[in-house]
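Asks: To start, I am sharing the structure in question, which I have written as structure tokens.
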Amino acid sequence: MKPGIHPTYAEITATCTCGNIIKVNSTAGKSLHLDVCGACHPFYTGTQKVVDTGGRIDKFNKRFGILGKK
């Protein structure tokens with residue numbers, strides 16, 4: 001590796017709105033503020049909401065459901 005051309009790594013803190021603090025190495029050199037992290041993201045915590053698309057599915061089946069039946 002050539003000396004003097006690589007960026008320096010510094011340990012920074014990434015702080016989430018839930019209060020979770022993550023320490024990472026970065027070349028940016030400043031702390032980060034995160035909106036969501038793995039500790040509070042709805043997918044990982046199991047609190048995700050199911051979007052009601054029943055009307056769309058019924059409309060699709062009414063329109064194209066006959067084509068799939070044999």
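Just so you know, glycine gets a Cβ as well, placed from its N, Cα and C.
As annotated in Swiss-Prot:
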type: BINDING; residues: Cys16, Cys18, Cys37, Cys40; note: Zn(2+) binding site
Asks: Compile a sequence-ordered list of residues in the same chain as Cys37 (Zn(2+) binding site), six or more apart from it, whose Cβ lies below 8 A from its Cβ; state 'none' when nothing qualifies.
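Replies: Once residues fewer than 6 apart are set aside, Cys37 (Zn(2+) binding site) is near Ala14, Cys16, Cys18, Asn20, Ile22.
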Asks: Please list, in sequence order, every residue of the chain apart from Cys16, Cys18, Cys37, Cys40 whose Cβ lies within 8 Å of the Cβ centroid of the Zn(2+) site.
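Replies: Once Cys16, Cys18, Cys37, Cys40 are set aside, the remaining close residues are Thr17, Gly19, Asn20, Leu34, Val36, Gly38, Ala39, His41.
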Asks: Near Cys40 (Zn(2+) binding site), which residues of its chain come within a Cβ-Cβ distance under 8 Å, counting only those 6 or more away in sequence?
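Replies: Correct list: Cys16, Thr17, Cys18, Asn20.
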Asks: Near Cys18 (Zn(2+) binding site), how many other Cβ atoms are within 10 Å of its Cβ?
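Replies: Cys18 (Zn(2+) binding site): 13 neighbouring Cβ atoms within 10 Å.
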Asks: Looking only at Cβ atoms, how many others are within 10 Å of the one on Cys16 (Zn(2+) binding site)?
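Replies: Taking every protein chain into account, the count is 18.
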Asks: What kind of secondary structure is Cys16 (Zn(2+) binding site) part of, going by DSSP in three states?
Replies: strand
